[in-house]
Protein chains: 2
Amino acid sequence: MENLLEALPETLLMGPGPSSVHPSTLRAMAAPEIGHLDPRFLRIMDQTLDLLRQVFQTQNQLTLPLSGTGSAGMEAAVVNFVRPGDRVVVGLNGYFGQRLAEMARRQGAEVVGVETEWGRPVETADLRKALAGGPTRLVALVHAETSTGVLQPLEEAADAAHRAGAMLLADAVTSLGGVPVAVDARGVDIAYAGTQKCLSCPPGLAPLTCNDRARQAVEDRAGDPPSWYLDLKLVARYWGEERFYHHTAPINMIYALNQALRLVVEEGLEARFERHRQVARGLWAGLEAMELRLVVPEDQRTPSLTTVWIPEGIDDAAVRRRLLAVHGIEIGGALGPWKGRAWRIGTMGESARPQNVYRFLAALGECLGRFGHPVGVREALAAAREAMAALEG
Amino acid sequence: MENLLEALPETLLMGPGPSSVHPSTLRAMAAPEIGHLDPRFLRIMDQTLDLLRQVFQTQNQLTLPLSGTGSAGMEAAVVNFVRPGDRVVVGLNGYFGQRLAEMARRQGAEVVGVETEWGRPVETADLRKALAGGPTRLVALVHAETSTGVLQPLEEAADAAHRAGAMLLADAVTSLGGVPVAVDARGVDIAYAGTQKCLSCPPGLAPLTCNDRARQAVEDRAGDPPSWYLDLKLVARYWGEERFYHHTAPINMIYALNQALRLVVEEGLEARFERHRQVARGLWAGLEAMELRLVVPEDQRTPSLTTVWIPEGIDDAAVRRRLLAVHGIEIGGALGPWKGRAWRIGTMGESARPQNVYRFLAALGECLGRFGHPVGVREALAAAREAMAALEG
């Protein structure tokens, strides 16, 4: 049977995730297999938890990586905290807010959607209005919407939720490790993420953190959540001192996460956030110099993911196919109402490097020219360079 | 921060899982990261499904690896098929049968446990009696009980379930790839497994297969299962031709599974099953030559996992610690009622090699001698050699 793995090319991943992975993280995954109860593995688990807390910017004891992808993190955050009949306020301004609402619906919640135009953050005033409608268990917001590129401010939402007696749940899938999540400083009660975005670890784990209030809610819950696999009471006992057997941790994925997190902490969180900001500004300046229109107003953009309208007459799929096949660069198409109308360009983790911005802008310019829409590549590169000048230090 | 991964030693994994991983499978995991929608990844997904069907010995269209560990496979098998109020008959003869019952309970099922002594298979007559108690949705059995080392016959159970209008669900975590599961031939309706046992792939994925009847039950279900992440209707659309976006597949784990399955198919299923049988016989002969007592009668043992009583006066943990620290070999302690009283020795996948049996027997003999219980190592090696003679070909 054909070995398809041998033929895989190096690809620059500038889509909505996965991002490119550092070679040392790929190598970490191939470290010798040891048992999940081996004392050496237990030390790796503990170190990984320490690193996760640093990256979430939290002291939360209940901080751990769940054994599934980012969507498993979302499901864990919902099934552990949302009981049948609970009122849940969900920001609906993109694809992943909708998914949160769907998961809450499956738990039998009364879901109150705060409908907001795609490409704009949810307004605190609208959250307050929704919260005024009745006692609410949870406010759920997407911090960096992977479908739109919007960065959702969290402080005011946390304040509004807490005044109403609700907890704030934040989806940090496309922010953790690239954009400050600042769980403690912002008063986020529950947050989860994926590994394949700004952490530049392969997909397969879902870091999650809960503060003491949320942890207490898990402890105090009458009856078990319907999910045994994602039951935080059980998972926490496995990752905690007790090492109570629950499931077999995905050992090699934990190796990869451990190494990816060490790269984050070695770079320094502030330096890493600043790199993401600068690189995004370079990308934005380059795209605008090509006279392309960005979807989201600058002050509402997440640095990790940029959405740009596709020029009139340009075929979405044809450009992406050529970018991948000829230039070795992946970007993403859009979802839902924007399908075929916008591209999603990720600058996350290892992908968020100036050299990748230059390479991508040149490749995009080539593709647009090839399909009859010539743009100023020289101007784009110069604009990007100017915007990223601080990174040349 | 200390790099704990650099210091990891090569370890021979002869516990209840993970098993040792082939170097080519570890290398596969470090293949270049590409996008989960990249056409080259879609081909890898398709090939992986073909390989999974071969290993499950099935034509089932709905066959795929879930993005979680074996316990996620168990949860998917339960939440998709068990609705509130459904009657579910579960074989209770070990730890994992109890877990199945617990998961069914969380779905609001009426759980009818068929209590059976640990270390013995569930009797068909007992299943028939339980089935006679009322219309039953599902019979759930563990094919190879990782907690006891018992191999559960499935043909008669399938027949009994079908006559009663129920479906048969089999936990194949510790059998798939080492012991024939033969889903189609035996009439198993739903089966799931883990990757870190007889497939010798790292943990992190849960292969699952359903026949057309079970698939129809998923389609016909009124209302959604409480789990969105493990909803087979959605997951099947992602793995199917439609490629409907659900979650981001754990790309590098799929690489590893693809390679591990290719090794299985290249070896040939029959040859691989025979190797597992011979190696287990070698282990059993060696242990008995040391005058140790095996827990399970020979005709009820799974070749993939052997349970042996710990000799009087020997400290379970001290022996296992020495085996790991001095000899670089991991074996498992026992669970539940057997904790401290039995060891679990895995001969799964890459670990199921004659050289490992010799190495383990010698190491165990050394440890037992060290702790004041001398055994005949020479006799054990000779007995193992005789039992495994066929493998020297």
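Cβ coordinates come from backbone N, Cα and C, glycine included.
Annotated domain 'Aminotransferase class V' per TrEMBL: A:33-331, in sequence order.
A:K197 (N6-(pyridoxal phosphate)lysine) falls within neither a helix nor a strand when secondary structure is assigned with DSSP, and so counts as coil. Within 10 Å of the C-beta of A:K197 (N6-(pyridoxal phosphate)lysine) there are 31 other C-beta atoms, taking all protein chains into account. What TrEMBL records for A:K197 is N6-(pyridoxal phosphate)lysine.
Under the DSSP three-state reduction, A:R344 (substrate binding site) is assigned to strand. Long-range neighbours of A:R344 (substrate binding site) (same chain, six or more residues apart, CB within less than 8 Å of its CB): A:G15, A:P16, A:T146, A:S147, A:G149, A:L305, A:T306, A:T307, A:I331, A:G332, A:G333, A:A334. According to TrEMBL, the feature substrate binding site maps to A:R344.
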